[in-house]
Amino acid sequence: MTERQVECVLIEIPQGSRNKYEYDKERKVIRFDRMLFSSIVYPCDYGFFPDTLALDGDPLDAMVLMWEPTFPGCVIDVHPVAMLDMEDDKGRDEKILCVPQRDPLWNYIKTIEQVPPHLLKEITHFFETYKNLERKDVVVYGWRDLETARKVIQEAKDRYTEQKKLSNQ
């Protein structure tokens, strides 16, 4: 088996929150963006991989399975395990599912097959419905395996590096 990949995730939104926080690149702070219009809460900690660029122009999204929620601005070393393939009004919007490297309640999980099936359904349902009352369309295509997640992470890192090179010219 290949060695487990360790990545860094910056948390914007803790599990159980209806508040949508976003990282403000210019000010280098976490800002309150809005409260979700629906009476549902984030099913896991949510943030992004620093120094990445996803297809939607933002850093690549990450979800981290935690026993207890963390806080906006918390940095966690994680192992990717899968990817939720979806699209929103800005286009493709992949989200990488991760487990904390140093949490014995979750870090045994290496692949999507080890994630509790009902939890995957809850996460899918959240992303299918969380923008309904805003009248924004979201399409969830389904879960993808670890290899797909790794590929998308590497592509987002490469895209970020390329953009940084171009902006320095």
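Even glycines carry a Cβ here, placed using N, Cα and C.
From a predicted model like this one, the values you see are computed outputs, not experimental measurements.
Annotation comment: Swiss-Prot describes Lys20, Arg34, Tyr46, Tyr130 as substrate binding site, evidence class sequence analysis. The Mg(2+) 1 binding site annotation in Swiss-Prot covers Asp56, Asp61, Asp93 and is backed by sequence analysis. Swiss-Prot lists Asp61 with the feature Mg(2+) 2 binding site, giving sequence analysis as the kind of evidence.
Projection of Swiss-Prot feature records onto the structure.
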residue	record	contacts (Cβ under 8 Å, 6+ apart)
Lys20	substrate binding site	Ile13, Phe32, Asp33, Arg34, Met35, Leu36
Tyr46	substrate binding site	Ile11, Glu12, Ile13, Gln15, Asp61, Ala62, Met63, Val64
Asp56	Mg(2+) 1 binding site	Asp88, Lys90, Gly91, Arg92, Asp93
Tyr130	substrate binding site	Leu36, Ser38, Ile40, Val138
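When the binding-site residues Arg34, Asp61, Asp93 are compared by the number of other CB atoms within 10 angstroms of each CB, Arg34 has the fewest. Note: the Mg(2+) 1 site is recorded as Asp56, Asp61, Asp93; in the same chain, Ala54, Leu55, Asp58, Leu60, Met86, Asp88, Lys90, Arg92, Glu94, Lys95 also have Cβ atoms within 8 Å of that site's Cβ centroid. Classification of Lys20 (substrate binding site) by DSSP places it within a strand.
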